[in-house]
There are 2 protein chains.
Amino acid sequence: MSAENFSDEPTRLAETIVPLFARQAGAFTPVAAPDGSRVELITGADDQDDCAVFRLTGNHDLVVGTDYVRGPKFRLYEMGHLDEYDLGYYLVAANLSDIAAMGAKPIGLLSVVRYPAEMDDVLFGFVMKGIHDACAAFGCPNVGGDIGGAERLILAASALGVCPAGGALLRSGAKPGDVVCLTAPTGLAGAAMAYLRAGIPDPVIEGLLPSLLANWKRPVARIGEGLALAASGVVRSCQDTSDGLKATLLSIADLSGVGIAVDERAVPVPGSVAAVAAHVGVEPLALVLGDSVDFELVFTVPPCRVDELAESVDFHRIGEVVEEQEVVLVGEDGSRAALPGKAWRHQGGGDGKA
Amino acid sequence: MSAENFSDEPTRLAETIVPLFARQAGAFTPVAAPDGSRVELITGADDQDDCAVFRLTGNHDLVVGTDYVRGPKFRLYEMGHLDEYDLGYYLVAANLSDIAAMGAKPIGLLSVVRYPAEMDDVLFGFVMKGIHDACAAFGCPNVGGDIGGAERLILAASALGVCPAGGALLRSGAKPGDVVCLTAPTGLAGAAMAYLRAGIPDPVIEGLLPSLLANWKRPVARIGEGLALAASGVVRSCQDTSDGLKATLLSIADLSGVGIAVDERAVPVPGSVAAVAAHVGVEPLALVLGDSVDFELVFTVPPCRVDELAESVDFHRIGEVVEEQEVVLVGEDGSRAALPGKAWRHQGGGDGKA
């Protein structure tokens, strides 16, 4: 590794960013729909203009969202479990997860990377490389951004996606009778955090830790799944679980004006999450449903269409949309209870996610 | 004013943001072009979905950019010359200035507002009101964002705009012979900063201070001018002066592969800037050309078309594009010198602008 260098912004732009993000417009695979609609990237980050430019022809719904990721307060980073590359990667996944939840294809990401004076060129390069590699993994160019000094590491981004007109998956479309589905188990990210914050090493859980931490180090935005859900034409509502599964269910119910009956036996509980729950002394479903920052998708489908959807997308069926506007956990014996777990982080919380 | 309240995020979302940004989709004026191309807002911030949704039909160039604005390090805020409302307002103007520089019509802004524990609901409301009012002033809805706690006030945003396909004004199109134009004098923002940082009160400049600070408190993104420049069809390159006039000229020259001869006598020097320059002991052009964060537009036009453009847009003619790839200040006597002023803020700089 080279000696520490602390280049100024124009130098970092010229030496790190431009090479890393070169020839974007040429490398962009145009989005083309059967009706002739098309999206191209005309001016990318490497063109260093005031803005990036996309050309859209035909009929599109354009979806846009934004997410901030904590720097040093991002606790696992402070604790040494995540590095600068991981934070850059995470920033992209967190933002593209919102695009996935709309059933859209990501076309571009804008990133804000502000760094403290003690972050040298190598560490700065790791942040940008994490952003670059995640963008490559998810097929979405980093078309612009803002770099510069700050008191501490600050990461934020916005993401853009497109889908056929009328095809975006909203949170508000759930109807009574719909089956409530989940792309994959939740609670892994929260279990990693709970275990590491407890600070009591356990030999079994140490062995599970890499897989628990994978949700933080290489989180997956469910873009392919979101596109398949949108293409199916049978999904009535969808949201990602970045605020936790409980918060997601409450949000879909609230915005759709319905209730949800969650089947306690049907909610997947990974063994590693159960092991952490036992270790830290909470019930497993509190980790699975609580404020674990996973990027799975919750969606609802009419019961007569759910089997057909299962042929093209993997998911768990965890409950049913009901008329009564209440979200409850239904036990094997028919008992009804409030969902366990923390619903949403509050002012001052430091979980690393917006 | 009410007693201090420190509500959690869901409460601030429900009580401050949703009322402030209600009924966005209904209030959005569709962008409609003569060829039938159209932009509508389908799902706004008040719909609380994963993303906002625009519907684009026809042919569009979509331009997107992002800018971070410093919070407490924003020196004039720390010094008490700007308040929370002003910072919110500034965030929007800084981001929309990039859209203006592309000659595009803004259609949406995404904002990141993270606040320290000591910022109560009233101050948080001021930030959001500043964002809201600037968006209203510039005719661009705040379609989404990310709020939550942080160690300090952190503000960032991304902006979206549209223009007819092929109509975006790039930095790279300047040609030798073009007249270099500037929408209005620069240096005011930098003069305010230079005077206040010097800390030596002067009765004459105190009287000028409100007008100097106006560029910070109510900055104007030159959206109307940008649209007129793009519509004229005669503008070959354009950039905003948010990095300072010198940096802007250097950037256009660099990306266009040309040089620029700036006419020393033609660069407008406001009297208030000259007064500050004399007070702090620098040459006036160092403030006018240096890293003053104004949001004017620099653009280039073939000489045979510049008079016709002047009938619809106000601007100053400050120089000429030349073949030799050098940016110089040409004096009345024909002398050639490097442009005075600082070209770009460097790592660790704290001028309030990205």
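Think of each number as a place in line: the chain as shown, counted from 1.
Yeah, the Cβs are placed from backbone N, Cα and C, and that goes for glycine too.
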Recorded Mg(2+) 3 site member, picked from B:Asp178, B:Asp202, B:Asp240, that accompanies B:Asp50, B:Asp98 in TrEMBL: B:Asp240
For the domain 'PurM-like N-terminal' (B:49-162), residues assigned helix / strand / coil by DSSP: 40 helix, 46 strand, 28 coil
Distance in Å spanning the most remote Cα pair of B:Gly145, B:Asp146, B:Arg171, B:Ser242, given for ATP: 31
Among B:Asp67, B:Asp98, B:Asp146, B:Asp243, which are binding-site residues, the residue with the most C-beta atoms within 10 angstroms of its C-beta: B:Asp98
Residue among binding-site residues B:Asp67, B:Asp98, B:Asp243 with Cα closest to the Cα of B:Arg171 (ATP binding site): B:Asp98
Inter-residue C-alpha distance, B:Ser242 (ATP binding site) and B:Asp98 (Mg(2+) 2 binding site) (nearest angstrom): 9
Candidates B:Asp67, B:Asp98, B:Asp243 (binding-site residues) - the one closest to B:Asp146 (ATP binding site) by CA: B:Asp67
In three-state DSSP terms, the structure that B:Asp243 (Mg(2+) 5 binding site) belongs to: coil
